[in-house]
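Chemist: Take a look at what TrEMBL says about it:
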COMPBIAS  202-220  compositional bias 'Polar residues'
DOMAIN    20-173  domain 'MARVEL'
REGION    195-230  region 'Disordered'
TRANSMEM  27-44  transmembrane segment
TRANSMEM  71-93  transmembrane segment
TRANSMEM  105-129  transmembrane segment
TRANSMEM  149-169  transmembrane segment
């Protein structure tokens, strides 16, 4: 039962790469990974612009608020490396034989996915608010498409990370249920004997063999009696 807990097969089983790539969780992580690249790539490459095209100093396109660009880049990088890390965890998950270690991995996935969902929500609101306050200039017009892409994919990232959090929650509940089942059905002591079949209803006798009743036989020549000689 331990090997089949938290939504994975028995520990030590071989991992089929095609089946792994087809899993919904793998697809969601790959999608979140691509979205993170789009967000921080768009901001780094095209969201630092000149005001009028002649000023050599570059400013953040989002209302010239450096914090908006820095926050978007930071969240994108965190999500980028987080997706890689949890893809490796998912790939090695079946090799984890301990139920406690599997539980920790699933809880870490659940906490990280929920936290990233919140951070992407903040990023979307922050970038969208600053973009609305941006005064359109020649430089801002050149990077407008990149700014809108960063905002749009921040919103899409919220949906993907919420879906990943729900998948992790589903795995956690499944593992908890199976752990309870294993605890109820099997003894905790590994050296304990396997439980036998239940006893009968009491109709049949518990004594299969019975010794014959003791019977005294009369001895023709009881001990101590001698036959007189003639």
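Note that Cβ sites are derived from N, Cα and C of the backbone, with glycine treated the same way.
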Chemist: Pairs of Cβ atoms less than 8 Å apart decide it: which stretch in 27-44, 71-93, 105-129 has the most with the transmembrane segment (149-169)?
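Modeler: Of the candidates 27-44, 71-93, 105-129, 105-129 scores highest.
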Chemist: For the transmembrane segment (71-93), give me same-chain residues lying six or more residues beyond its boundaries with a C-beta closer than 8 angstroms to one of its C-beta atoms, as numbers and ranges.
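Modeler: Contacts of the transmembrane segment (71-93) (Cβ under 8 Å, skipping residues fewer than 6 from its ends): 6, 8, 15, 20, 23, 25-26, 29-30, 32-33, 35-37, 39-41, 43-44, 47, 102, 105, 109, 112, 116, 119-120, 122-123, 126-127, 150, 154, 157, 161.
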Chemist: Looking only at the domain 'MARVEL' (20-173), what is the model's average confidence as pLDDT?
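Modeler: Averaging the confidence scores along the domain 'MARVEL' (20-173) gives 92.
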